Every structure is written in C-alpha cells, then in structure tokens.
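As given in TrEMBL:
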type	residues	note
DOMAIN	11-387	domain 'Major facilitator superfamily (MFS) profile'
TRANSMEM	12-35	transmembrane segment
TRANSMEM	47-70	transmembrane segment
TRANSMEM	77-97	transmembrane segment
TRANSMEM	103-125	transmembrane segment
TRANSMEM	137-160	transmembrane segment
TRANSMEM	166-190	transmembrane segment
TRANSMEM	210-233	transmembrane segment
TRANSMEM	245-266	transmembrane segment
TRANSMEM	278-302	transmembrane segment
TRANSMEM	308-328	transmembrane segment
TRANSMEM	340-360	transmembrane segment
TRANSMEM	366-385	transmembrane segment
Amino acid sequence: MNRIFESIIFRVAIIYSLGVLAAMSVGGAVPQLGAIAQEFHPDSPSVIGLVMSLPSLMVVIGALLVGYLVDRFGDKPILLIGSLVLVLGDLVVVYAPTLDSLLVGRAIAGIGYVLMAVSAITLLIRITHEKQRHMAIAVWATFVPVSFIIPFLTAGWVISAGGWRFAFWGHAGVTVVVALIAWLCIPARVKVSEQPSRTSGLMTVLRSPWPYLLGIAIGADAFLHVGVIATLAPYLQTHYGADPVAINAWNIGAMVLNALGCLMFGKLLNQGLSPVKIGVTAIIATGIPALAIYALPIGIAASIACSWVLMFFSGILTGMWSFVPNVAPSADSIGATSGLVTQLTLLGVLLSGPVCFASLSGELPVSMVSIIVIALLACAVRLPILYQGTVPKWSTGAQIIASGH
C-alpha cells in the first residue's frame, strides 16, 4: 500500500481527481438544471443558468487572493480546506428549502472550487519531475471537460436513485474520500521554495496587456462551449421535442472530444503546424457548427453532430492554455499570469449560463446567433499571441513549464 501511495502516477491521479471534483461544482449541475427548475419555479430562466455558473464567480473574484494563500500556507493545506468547503456547499444545496438558500450553497461550493483549483495545479507542479511535468500538465488541461462527462454518465442513475439532490450527495461523498486519500499520500511542502509561486511578479502581470488577451480569448471559448452544452438539451426539447436525458447522454461524446481537443493542440504544434493557422481553423470550425445549431432548422441528429464537432475544436482552443508562459512578463511570473488567465476564463463560464438561457427565452434582446458571433470575435484576440510563436521572448532556451488552470 505504501508503494502505491508513494507512486507519482497515483499522486497525480489523486490531485487530478480533486481538480475534476472541484470543476464538477459547475459541470455537475448541468444535468440537474431541469429538475431544479421544476421544483423551485424561478422567475427567470437566467436564474437557472446562475445555478450552474455561480461557483465560477468565486473563482473570478478569488483566484489571485487564493494564490497568495497558497504561497503563504502551502498548497496541500489549501487543497484540503477547499475540499471541505466544497463538501459544505454541497450539503447546503442538498438541504436547501428555497432557491435562495440553494444559491448560497452554490456560492460556498464556489469558494471550495477556487481553493482547490489554484492549489491543485501548484501541488501538481511541485510533486512532478521535469520530464513528467509536461504530460501531467497536458492531462490536467482536460479536467474541465471530464467534469462534465462524469455528471452526464451518471445522470440516469441519479434520477433512479433519488433525484437531483442525490447528485450533490454523491459529489460530496466522493470528495471526502478522495480528499482523505490526498491527506494520506500527498507530501506537504517542507519549505516555500519547493512550490512555484502564484503571486511573484503580480503587479507586472497586471500591467501587461498580453495575459488579458489570452484570458479573454480562452474565456470566450469557455463561454461558448459551456453555454452550448448547458442549453443544447432544453433547446432541442423546445424546438424538436427531444428527450433531454437522451441529449445529455449524447453530450458525453461531445465532452470526450473536447478533452481530446485539449490534448491535440500540443501535438499539432509538435507536427510543425503554424499556431496561427491552428487558431484560425479552430475558431472557424467551432463557430460554424454553433451557428448551424441555433440558426438553422437542422433537426436533432444534425445538431448533436454539430455539437461534437464544435466541442472538439473548442477543446483545441482551450489547449492554447499552454501559451500562458508566452504571455507572462517573466519566468517568475508564470504563476501569477496563470491566476489572471484563470479568472478571465471562469468569467466566461460565469456569464455563459445566465446569458445563453436569457437569450433563448427572449429575456435578453440579443439573439443566440449574435452572442455566438461576439464570442467568436473575442476568441480571435489570441491571434497576435499565436503569431509571436511558441517561445517566450524572455526565454533563454531553458525548458518552460506552463502553470495550467
């Protein structure tokens, strides 16, 4: 048993699992939104979107602050505290008698999310050797799509087991178990220098335009693919009479392709393809299927096919997170740059639910097609970064490790 606990692969898997569980505070709610709406009857569909995306608000507000806490107190303690806060948020949701109290629980879960997400990537970098780190970061980049895959896989079981509250019970229980394993097998830092700083060079980062451009671009991509995956089932039900449970099952394939797309970006670069050409192709191949779903009467099957294509190329756009070192003002400021890009990315997730649901319900005087076009234009602001190439200007040729989200 000790050999298993001391294995780098096992430790990476545990940290990755906690990252997935943290992100499931958003993705785990998606299959349950319909049942929650039926029970609480919100005044506006945008409120249901907020139920999904509210945890992202805590990341938007707190990522840089949590970076300071990780530097001050250590990555492992913050990760474990975040796990407990996430569980507390789930329990508040489970016992929520009103929609307002449910939203309070979702906000608490969001605090757990930001504590876990920021500390987990720092911990992952600390415990891996340089040769292992590239693959570990590449795998880490898939934690958000995986956080959607698991809830879609278990949605039918959750319904048969006791309704939407059971989903949050299960999430809390699994989080407790994995956090306990992390407490037992993950070593704590002995000295501050062992872990990468999340706040070094912060003021320089905040004054540089490049981290903002990358964060806006990746945030726009997150807005687009989370908005589509959240609204696809109710949209197809309204327009074509589709079964939401069946659509959510098909969404599993879409998110698997999204995860593969995240991993594919680095491989495309290794094949010698131009970063700009990859970016332009991915933006176009993300936008055309998205527009087809909401602008054309293409039916259920074609809409599902379009969502799969969209999610794959959206994953490639998300994989451009590896350009965080390129936009960092210095090697020492990669951690702070990652924190800023994380905040902007999660701002996209935060806005996606309320905006997309409000648009489709007619509450927002902007069509879904217009929203998609705006998001695609925001995605395109990454092109000047890609044009500069894959080597940071400050690099002396040393191997650079991106602090992924």
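Even glycines carry a Cβ here, placed using N, Cα and C.
Note: TrEMBL annotation is automatic and uncurated.
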Determine whether the transmembrane segment (103-125) and the transmembrane segment (12-35) share at least three Cβ pairs under 8 Å, counting only pairs 6 or more apart in sequence. yes
Can you find at least 3 Cβ pairs under 8 Å between the transmembrane segment (12-35) and the transmembrane segment (137-160), where each pair is 6 or more residues apart in sequence? yes
For the transmembrane segment (210-233), find every same-chain residue at least 6 residues outside the stretch whose CB is under 8 Å from a CB in it, and list them. 26, 30, 33-34, 49, 52-53, 144, 148, 242, 244, 247-248, 251, 254-255, 258, 286, 290, 293, 303, 307, 310-311, 314, 317-318, 320-321, 323-324, 326-328, 337, 340-349, 351-353, 355-357, 360, 368, 371-372, 375-376, 378-382, 384-385
Residues of the parent chain within Cβ reach of the transmembrane segment (77-97), under 8 Å, 6 or more residues beyond its termini: 15, 18, 21-22, 25, 55, 66, 69-70, 104-116, 118-120, 123, 165, 168-169, 171-172, 175-176, 178-179, 182-183, 186, 188
Does the transmembrane segment (366-385) make contact with the transmembrane segment (278-302) through 3 or more Cβ pairs under 8 Å, each pair 6 or more apart in sequence? yes
Whole-number mean pLDDT, the domain 'Major facilitator superfamily (MFS) profile' (11-387), equals 88
Grab the same-chain neighbours of the transmembrane segment (245-266) for me: Cβ-Cβ under 8 Å, and only residues 6 or more beyond its ends, written as numbers and ranges. 30-31, 138-139, 141-142, 145-146, 148-149, 152-153, 155-156, 159, 225, 229, 232-233, 236-237, 278, 300, 304, 307-308, 310-320, 322
So what's near the transmembrane segment (308-328) in sequence-distant terms, Cβ-Cβ under 8 Å and 6+ beyond its ends? 137, 141, 144-145, 201, 205, 208, 210-211, 213-214, 217-218, 221-222, 224-225, 228-229, 253-255, 257-266, 268, 275, 278-279, 281-283, 285-286, 289-290, 293, 334, 336-338, 341, 379, 382, 385-386, 388-392, 394-395, 400-405
Any residues 6+ beyond the ends of the transmembrane segment (166-190) with a Cβ under 8 Å from its own? 5-6, 10-11, 14-15, 17-18, 21, 24-25, 28, 31-32, 74-77, 79-80, 83-84, 86-87, 90-91, 93-94, 123, 126-127, 151, 154, 158
